[in-house]
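One structure below.
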């Protein structure tokens, strides 16, 4: 309160002014001769100083499938220079790594919050940036391969070691690369290997690494061509 005690004028009026750094309702009480009356005044956030601090930009849903449909979500909280939440201002969202931003401009709600969803068909880290008043913050979201669509396409089953001696101990080797429907490498899924012509498959089941690669070796005591098949999700390729 700028002036806590005021003398009335010829019309019996006494006035004061108030400042605050906290948005919201402020009750003001006037007292004379032991009698009081109270009214509510309102202070609003200073939207001209709107900003998003580092801790106020968060990922609220993460690790979506990179299938172009499943979504990650980010949320920005806008505050003014005094830390008051700022409603009804526009936050702009952008993203890299080919991600689609569902709402590129979102208006903050009464809690100063603005959110958007993101899709992608590319796995890995997607950086999302929220901007307001020329300032910005960035967070990382992650999209994962869609293991439900895992497959081995033609050309992704290869012989990496060949022409071993048919002595039951020397080995040939094959390698399968597993990808999803969007062509992303799929880690941590099982590939089944089988072979004909009496060959022994050393690892009949192998798990893919972070590059989507699974390998096995084979021995045989029978010379000649051995066909090796790799299978996943009912799909198979043979070399």
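Positions of Cβ are set from backbone N, Cα and C atoms, glycine also.
TrEMBL labels come from automatic prediction, so no person has curated them.
Computed from a predicted structure; not experimentally measured.
Copied over from TrEMBL:
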type	residues	note
DOMAIN	1-44	domain 'Big-1'
DOMAIN	54-144	domain 'Big-1'
DOMAIN	154-239	domain 'Big-1'
The domain 'Big-1' (54-144) resolves under DSSP into 3 helix, 52 strand, 36 coil
Taking DSSP H, G, I as helix and E, B as strand, the domain 'Big-1' (1-44) contains 0 helix, 18 strand, 26 coil
Mean pLDDT across the domain 'Big-1' (54-144) comes out at 97
DSSP puts the residues of the domain 'Big-1' (154-239) at 0 helix, 40 strand, 46 coil
